[in-house]
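**Q** There's a structure below that I have some questions on.
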Amino acid sequence: MGKDVKMVGYLMKPSREEDFAKRGAFPIKPTPNGLIFVPLTYALPISQQLQEIDGVLHKATDDIITVEMSSSSDFENKVTYTEGMQELQRYIGCHPDCCVIDPFTNIYPVLDRLKIQQILGGLENLNSKSCSKVRGPHFLKVVDFREPKLEDKLVDAKLSLPNIVKPQVACGVADAHSMAIVFKADSYKDLNVPLPAIVQEYVDHSSTMFKFYVVGKKIFFAIKKSTPNADTLIKLAEEKELKPLLFDSLKSLPVDKQKSQNEDNTRIDHELVTDAANWLRRVLDLTIFGFDVVIQESTGDHVIVDVNYLPSFKEVPDEVAIPTFWEAIKEKLTGKQSTEAAILL
């Protein structure tokens, strides 16, 4: 085997592995840029399987058992993984020369919606040279929906109704995607969303979401239909006395199917979002991640409402996405650095 060939072991839940494999991401033969992908299994000792491996691609969030919640938002010592993933962690700790895509410490902020909101606050520094503005949504952490001054705190946080309420834990546990849209302040006291929670600004965005994927130094995006504006949601909720709308974010909500995606594409400031993607890549230090952008109707603000680790980027054509995926992994393994991301329109 040539010295330029790199062996990559990969570890993720079977359904995710199957999805990547169907798209040709894990070929049996070496890739054109010299990668050989090897499936890792918990059926054998991880340490034995990694003897000839140059790097490990993992989706550790697939192997989370529990996340212990406390007053601290630092998840690093509060995540319990499966025994197999813990073995991988121990091996990496003893073999710092093993390249991990990505280090466990780098993915912890993406597990924590509070931490991500705080990180997104740094986007303010990118807004000087553009007419548009990129930002995170207004938010408030809540530990008790019955606290007496909750309504005042919502006002102080610039949160007007309706709000969207999400668990602080973003992924890896069963109820991480159990959310609600709240229309009345007095609905909070009986709200059935796991605590602690993040109350987030609901942005009127013409039912359109831009899903961005950062794969190494390249950026892709897709336009997706999203939830309706607040006035439409309120009309729907009035039929049920404006009770909170409970939903699972992995499942779809009502969307507006009338608008043209070509019209939507002209509204986004690609340069601004590229700057935001580059900034997030530097701050998060992740090789492959995604983020969702909505454009506020009244202001044109580009609001990043979600960030996630190692997304499937299924909306990107395989003939473009998969070679870029290989390139990103090879760059990580060889330590090559590129100066600026290129956006593919």
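Cβ coordinates come from backbone N, Cα and C, glycine included.
If you look up TrEMBL, you'll see 8-106 marked as domain 'Inositol-tetrakisphosphate 1-kinase N-terminal'. For Arg113, Lys166, 200-211, Ser226, the entry in TrEMBL reads ATP binding site. TrEMBL lists 132-318 with the feature domain 'Inositol 1,3,4-trisphosphate 5/6-kinase ATP-grasp'. The 1D-myo-inositol 1,3,4-trisphosphate binding site annotation in TrEMBL covers His177, Lys211, Asn308, Ser312. Residues annotated as Mg(2+) 1 binding site in TrEMBL: Asp292, Asp306. For Asp306, Asn308, the entry in TrEMBL reads Mg(2+) 2 binding site.
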**Q** Where Gln200 (ATP binding site) and Ser312 (1D-myo-inositol 1,3,4-trisphosphate binding site) are concerned, what is their Cα separation in Å, rounded?
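**A** Gln200 (ATP binding site) to Ser312 (1D-myo-inositol 1,3,4-trisphosphate binding site), Cα-Cα distance: 25 Å.
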**Q** Inside 10 Å of the Cβ of Ser226 (ATP binding site), count up the other Cβ atoms and send me the figure.
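**A** The answer is 21 other Cβ atoms.
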**Q** Pull the DSSP breakdown for the domain 'Inositol-tetrakisphosphate 1-kinase N-terminal' (8-106) and write it out as helix, strand, coil residue counts.
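**A** Grouping H, G, I as helix and E, B as strand yields 32 helix, 23 strand, 44 coil.
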**Q** For Asn308 (1D-myo-inositol 1,3,4-trisphosphate binding site) and Ser206 (ATP binding site), what Cα-Cα distance in Å is obtained after rounding to a whole number?
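**A** Computed Cα spacing between Asn308 (1D-myo-inositol 1,3,4-trisphosphate binding site) and Ser206 (ATP binding site) is 23 Å.
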**Q** Of the binding-site residues listed here (His177, Asp292, Asp306, Ser312), which is spatially closest to Ser206 (ATP binding site) when Cα positions are compared?
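**A** Checked the binding-site residues His177, Asp292, Asp306, Ser312; minimum Cα distance to Ser206 (ATP binding site) goes to Asp292.
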**Q** Pop the Cα-Cα gap between Tyr202 (ATP binding site) and Asp292 (Mg(2+) 1 binding site) into the table, whole Å please.
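**A** The separation of the Cα atoms works out to 14 Å.
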**Q** What subset of the binding-site residues His177, Tyr202, Asp204, Ser226, Ser312 lies within 10 angstroms of Asp306 (Mg(2+) 1 binding site) at the C-alpha level?
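**A** Among His177, Tyr202, Asp204, Ser226, Ser312, not one has a Cα sitting within 10 Å of that of Asp306 (Mg(2+) 1 binding site).
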